[in-house]
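First up is the structure itself, then whatever we jot down about it.
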Amino acid sequence: MADPPGCCSTCATCLLCPYSCQWITAKKEKRKGLRTTKYDCSWFLFLFCVFLFTLAWLYFAIIILNDFHNFNEFIFRQRKLWLDWSLVLLIATAVLISYSSVLLVLALCLQLCGQPLKLHWVHKILLILTALVVAAAFTGLGIKWAEEWKSARISLQATGPFLHIGAVGGMTLLAWPLASFIYRTRNTGLRVFVLLVYCAAMIALYLAPLGITSPCIMEENQLPPKPALVGHRGAPMLAPENTLMSLHKAVDCDVQVFETDVMVSADGVPFLMHDEELIRTTNVQAVFPERAALNSTAFNWTDLQQLDAGSWFLERRPFPTVQSLSPGDRQEAAEQRIPSLEQALEAAKHSNISIMFDLRPENHSDYQNFVNVTLGVILQSGIPLQQVLWLPDGFREDVKQQAPGVQHIYGRKRVKNEKEPVLHVNLPYQDMSSEEIRQYRQDNISVNLYVVNQPWLFSMLWCSGVTSVTTNACQVLKKMKHPIWLLPSSTYFMIWIVVDCVSFLIIIWAFVLMKKCSHRRQPAESETDVLLTKINSLMQE
């Protein structure tokens, strides 16, 4: 194959070396008469599919970062090993996408330069391994973390318009090597097939906005109020979770509700703790090594007060924000102890914020006593009962009778023909669609969704009209004065038409230009063939 104008022999050689893993000049390739075979085309198609596969995984990896702290906690409970696995995920994903991207770019450049696509066997093995690794990652996600598929579906509402523009741009750039291939190949059937597939893909992309919906495609004056913030175990990115320091940091972030978890000690003192074991968030292994694996409720209050509930935060650094803490905050974090519910209620009352909690463990044989003890502490604390948001479903009717002023939050959607109307719901953000959120808002039902950490997700729920969100990142969401993006439908329609028209014109230009280049090469190639025929005849004589 002859090099097209503008592609020098040195450039073609530099492209051939990393792709074919052979340092061979373009002139030698010509003398060998190497051409791109159907087998080579099959490997290029496989390379393209692997690239798209890894690109899709990169998208998923970015989306699931919102919930990755839950994954870290899950691994710790299983293996008793703390590591920020999000870094491992991102590094591995970056390596895979970079490798497939570089190979694809090399292949496209080789095609433009008229060089054969002779992929080396080492690359073939690595591409197969890449596909297997990504397939295993998707399979594991579906088995162990199936709710993240819902997160991906929700994310498409936030990113759909931009993914459409990116896809149109990428496919438009692909027109150059595609046109080069079509004008070079001598197989008419293959040429027609490739062209039809490309045209069908472009038509589908051009019409894709007809199926794209997003709550943030609306007029500015239709934007609902900003959702209130609920501190998930306080402000766990700024202080050890479920401590008084975490509560105070959450107050500084303008949260309206402090969300926590309550357990009851062996001697009947309700205290703040999320895990059933104390290992993750205290130094129980150092203080009570023989009892470290026991349930939190097996310890009396005197024992619990001996535990350090803050040093783990500085040592394990559950969030990257720990590194930026001031010396004063580090000192305060190291001094934290497990707070009692009474102390938390006093702090909430003093800060004029509400407190929402779950009572754990729900399957405990003495759970009714836990409810009664907890209610007793609430009633004795003097906090206004409307500032107490009750989440536990067990013995809810008893709670309504003993403390009628407490607000009841339900961890389920409303059902038909309920005796009492549901006024407040608390659900995972994956469990409610934008349409349901709007309907609940119209019916004056308060909707709180958890756990929302990323600005893109907060923006989408803001546009949907959610009442409040539970978050680990209150210091980030506090600063947001507006959704990340908000487009009137007329503006989005105009962007859609402009992008499609520009793409169409560029594609036409690419095919016209490559056709002219192919016509220029034909006379040169004909003269070369005549010269080679004469030389061959002379050598035979």
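Cβ atoms here come from the backbone N, Cα and C positions, even for glycine.
Lifted from TrEMBL, the feature list:
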type	residues	note
TRANSMEM	41-65	transmembrane segment
TRANSMEM	85-113	transmembrane segment
TRANSMEM	125-143	transmembrane segment
TRANSMEM	163-183	transmembrane segment
TRANSMEM	190-212	transmembrane segment
DOMAIN	227-481	domain 'GP-PDE'
TRANSMEM	493-513	transmembrane segment
Contact call for the transmembrane segment (125-143) and the transmembrane segment (163-183): at least 3 Cβ pairs under 8 Å, seq gap 6+: no
Tertiary contacts of the transmembrane segment (493-513) (same chain, 6+ residues out, Cβ under 8 Å): 161, 164-165, 168-169, 171-172, 175-176, 179, 182, 202, 206, 209, 487
Listed stretch, out of 41-65, 163-183, 190-212, that has the most CB pairs under 8 angstroms to the transmembrane segment (85-113): 41-65
Stretch-averaged pLDDT - the domain 'GP-PDE' (227-481): 96
